[in-house]
Structure formats: C-alpha cells, structure tokens
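Structure record follows, encoded as structure tokens.
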C-alpha cells in the first residue's frame with residue numbers, strides 16, 4: 001500500500017507533529033555531520049518544504065519515477081517552474097533507518113562540498129521533514145546511465161557515439177580525481193559505476209551518490225572499513241579481501257566502469273549454463289587473442305574511424321592497467337584523467 005505523507009493544508013495535528021519530529025531529528029544529525037566535516041565553512045543548502053516535494057513528485061507517483069538503486073529512488077519534479085532530480089531514500093524494514101543514517105548524511109554533506117565541480121550532480125537543497133531527508137539535485141536531461149553504459153530515451157536505449165563515450169569517461173575520471181586530490185583528506189567514492197553517472201543536455205557527466213564515500217586519515221594511504229560496500233562486479237578484489245580502502249579502490253572500479261562504457265556490456269554477464277563472467281576477464285581474454293574488434297561495442301563498428309579505433313585501443317589498455325591485481329601496479333586517478341585527456345586530444349591533433 002502506498003504511504004501517504006502530509007499534504008499541503010490538510011495534515012492532522014498528529015501528522016504535523018510527526019513531520020516536526022523528523023525535522024528535529026534529521027536536522028540535529030545533519031548539523032552535527034556538517035560541522036564535523038566542514039571545519040566551520042559555510043555550505044549553502046536550500047530548505048524545501050514537504051508540500052513542495054510532494055507536489056513536485058505527485059506524492060512520489062510512478063509517473064515521476066526516473067531510476068533507482070538498492071537504497072533509493074530518483075524522481076523528476078518541478079518546483080517554482082524549474083525541473084529537479086529528487087532523491088528519496090528507502091524506508092522499508094529490510095534496509096532499516098538506523099543502518100542508513102550515516103550513508104544518507106554522507107551523501108548530503110559530501111555532495112554539498114562537490115557542488116562547485118562541473119562533473120558532480122549539484123545538490124541544491126533537501127527536505128528534513130520525512131523519515132529520511134529527501135534530497136533535491138540539479139536536473140539532468142538525459143538521466144542516469146544504465147548497467148550497459150548507455151541511456152534510455154523514450155523507452156529505448158540510445159546509442160552513444162564513441163566521442164561522447166570518451167568524453168563521459170574523461171569527465172568521470174575528472175570527478176574521481178577531484179575527490180582524491182582537492183581536500184586535505186583523500187575521499188574515496190567506493191561505488192564508481194555508470195548507474196551513478198547522470199548526463200545533462202550537453203552530455204556532460206555528473207557523478208552522484210557519495211553515500212558510501214569514506215575519507216582517509218590525513219597523511220595516511222588507507223583505512224580499514226567496517227563493511228565492504230559497493231556493487232558486485234565493480235568492487236576491487238583487494239578491498240573485498242582485506243577490507244582496506246585506498247585510492248586504488250576507486251581506480252579499479254573506474255577501470256571496470258570504463259570497460260562497460262567501451263563495450264556496451266554490463267560488468268557481470270550470464271553466459272552458458274547460467275555461469276557468470278565479469279567484463280574484465282572477457283576483455284582480457286579477447287585482447288590476449290588479438291580480438292580488439294570484439295571488445296568494442298558492435299553497434300559502433302560501422303561508424304568508427306581508424307583514428308577512433310586507436311583511441312578505443314588506448315582506453316582498453318588504460319582500463320586494464322586500472323584493474324591490475326596489485327594496487328601498486330595501478331595508476332593514480334590523476335594520471336588516468338591526464339591520459340584520457342591526451343587520448344581525446346590525439347584525434348584533434350592528428351586532423
């Protein structure tokens with residue numbers, strides 16, 4: 001049964017008291033996390049009312065639904081004649097409120113800090129008068145990428161040309177590099193994947209979902225996590241084995257993400273007899289057998305130029321380096337971003 005929330009001008013005293021209690025609970029946690037994370041620096045976040053959120057999403061109606069992950073759903077909504085992406089976290093008994101509090105406030109505080117970078121989905125505000133805060137982000141016209149590194153337009157998957165895929169890969173790398181280099185404490189995303197990347201009207205990549213992110217102690221290169229968090233197929237095997245998070249945890253995930261964008265295949269595939277195969281093992285096998293043409297998304301083959309084919313080859317080599325077994329053999333994200341910029345420029349320089 002669909003849950004009903006306080007509607008504009010109609011709530012009972014009990015409902016209003018409940019919303020007020022949520023506001024006080026969520027507000028106190030938010031303030032504590034913000035003060036702890038920002039060292040007194042001001043981060044402006046607009047406060048939206050529950051009436052605005054419910055009106056914008058038609059009480060979270062399926063007609064406004066955009067996409068979802070395990071713990072939340074995205075909705076499209078309009079507030080004051082402006083379109084927004086509205087993120088609503090799950091409230092069911094399986095995920096449980098107390099298990100999700102840290103991740104939710106991680107997402108709010110860190111997203112606010114990233115709002116000055118063009119390759120992060122910009123957090124514009126939130127509403128604290130729900131069991132979990134509802135987050136309001138800038139609108140992304142082309143929505144989120146899917147598990148095949150594509151986007152759905154009018155119910156069908158839209159084929160992204162190679163130049164756009166390379167641009168997206170470069171911009172995701174720029175975003176992760178910013179996390180790793182822009183702050184005194186290195187921030188590790190821990191869940192880099194295409195489904196967390198939104199695309200605006202200009203196909204600019206916007207990385208989102210910082211709920212699993214973790215900061216390394218200042219001056220330290222790793223931290224032991226209580227739980228291994230992330231998405232199957234993208235999780236660094238070293239992190240999975242040891243529970244230690246390093247900047248190379250993100251490098252591995254980005255490498256898988258880049259392979260997905262190149263191939264148009266999901267990170268984990270079902271093959272014969274129901275067995276599973278990862279994109280990494282498939283690409284390694286094809287490259288070892290000299291079958292690069294089978295690595296490239298076959299839908300691109302008829303339009304790809306010889307120069308672009310060289311770009312694809314360079315990107316595949318880079319992605320495989322990101323996924324090396326030993327983290328010391330992987331490049332840092334700043335180097336990955338630099339190489340992708342050079343690969344993108346190579347075609348322009350040769351023409």
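From the backbone N, Cα and C atoms, a Cβ is placed for every residue, glycine too.
From the candidate list 87, 102, the residue Swiss-Prot records in the ATP site shared with 66, 67, 68, 69, 70, 71, 72, 73, 74 is 87. Within 10 Å of the C-beta atom of residue 66 (ATP binding site) sit 17 other C-beta atoms, taking all shown protein chains into account. Among the residues the record lists as binding ATP, namely 66, 67, 68, 69, 70, 71, 72, 73, 74, 87, the two farthest apart have Cα atoms separated by 14 Å. Look at residue 70 (ATP binding site): DSSP puts it in coil. The CA atom of residue 70 (ATP binding site) is located 12 Å away from the CA atom of residue 191 (active site, proton acceptor). Taking the mean position of the Cβ atoms of 66, 67, 68, 69, 70, 71, 72, 73, 74, 87 as the ATP site, the remaining same-chain residues with a Cβ inside 8 Å of that point are 88. Cα separation, residue 68 (ATP binding site) to residue 191 (active site, proton acceptor), rounded: 15 Å.
Across the residues of the domain 'Protein kinase' (60-347), the predicted structure has a mean pLDDT of 92.
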